[in-house]
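Everything below concerns the one structure shown next.
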Amino acid sequence: MARDYYGLLGVSRGASDAEIKRAYRKLARELHPDVNPDEAAQAKFKEISVAYEVLSDPEKRRIVDLGGDPLEGAAAAGGGFGGFGGLGDVFEAFFGGGFGGGTTSRGPIGRVRPGSDSLLRMRLDLEECATGVTKQVTVDTAVLCDRCHGKGTNGDSAPVPCDTCGGRGEVQTVQRSLLGQVMTSRPCPTCRGVGVVIPDPCHQCMGDGRVRARREISVKIPAGVGDGMRVRLAAQGEVGPGGGPAGDLYVEVHEQPHDVFVREGDDLHCTVSVPMVDAALGATVTVDAILDGVSEITIPPGTQPGSVITLRGHGMPHLRSGTRGDLHVHVEVVVPSRLDARDTELLREFKGRRGRDVPEVRSTHAGGGLFSRLRETFTGR
């Protein structure tokens, strides 16, 4: 995948040129080998120098924003202080150019480059996540030009070295400043950093070697996937410029809420409402489980509100091992809100026989009362 140049500098993709420059200057002061001799800092300094070079160049930044890597396959030429930049890089960030006549050249980026990875978001219901599913999807992507087969040229013509940059892919300018002679490099405006031009381009792809098209792809989603997980389809992304190798296609799963079950990892949770009498005497209820069909659940006599009955191995399959999680059934005891005369009489009789049962006030911090259970649920304490 393409390197995260924005992340290396700690800026967002929408950062302005000034914000990128400030971020690089701050990091350069901290990590430059003349200031910080630590090997890890030196490696980091090299990375941020490359990131700044890419993001400070409009064309290279455009390639990054499209999901590519402008330095992919580029040959590094020249160097500075010990192979990791040098003072010229820092002065370039501070003052807008090289220092003392030195500059770092990366060479042409190459006409044939790897393609970008693509991302497809797919909505799945809980049953599809549990069983796995194969779906046909249509994607708009870059494919190999079927007229020139990726060459980008018309007929038997071929690319030729760029006259403007002499095939180097960049042009340099020298200016005088208070710091002395300042040399700056930028991508060649004629060949856009590639180093070659196509005098007679393909009429279908206009020299790019690829065209936009809609493709139908079969996507196999394995059993046990969860929300936010990505399935990788190798070489199913965009074909690269000049007919370069295709990137990968990533299918990101978005699991839709279920009417009954709530998923927690490989475990499932649901709630059953049990009448007060059944909670006291015991009963059997049925639940239509995701993979097991209708399952019977025994409510033991004397079940209290908030009790949890666990069915081992009745949850979701694990993505890799296939072992099943658990199904946790939360019991909600329903107290009748309206009673007729006969119901009232029977309950009063029952109360009379249970005279020892009286209301009791207890601390909410002990004993597992409702408040305690709620607090534990939401805070873990």
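Cβ coordinates are placed from backbone N, Cα and C, and glycine is handled just like the others.
For reference, Swiss-Prot has these:
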DOMAIN    4-68  domain 'J'
ZN_FING   132-214  zinc finger
REPEAT    145-152  repeat 'CXXCXGXG motif'
BINDING   C145, C148, C202, C205  Zn(2+) 1 binding site
REPEAT    162-169  repeat 'CXXCXGXG motif'
REPEAT    188-195  repeat 'CXXCXGXG motif'
REPEAT    202-209  repeat 'CXXCXGXG motif'
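Of the candidate ranges 162-169, 188-195, 202-209, 202-209 has the most C-beta pairs within less than 8 angstroms of the repeat 'CXXCXGXG motif' (145-152). The average pLDDT computed over the zinc finger (132-214) stands at 89.
Neighbour counts were taken as the number of other C-beta atoms within 10 angstroms of each residue's C-beta; across the binding-site residues C202, C205, the minimum falls on C202. Taking the centroid of the Cβ atoms of C145, C148, C202, C205 as the Zn(2+) 1 site, the other same-chain residues with Cβ within 8 Å of it are R147, H149, G150, K151, G152, T153, P201, H203, Q204, M206, G207, D208, G209, R210, V211. Same-chain neighbours of the repeat 'CXXCXGXG motif' (188-195): 59-60, 70, 107-111, 161-165, 167-171, counting only residues six or more beyond its ends whose CB sits under 8 Å from a CB of the stretch. Annotation note: C148 (Zn(2+) 1 binding site) sits in a coil segment as assigned by DSSP.
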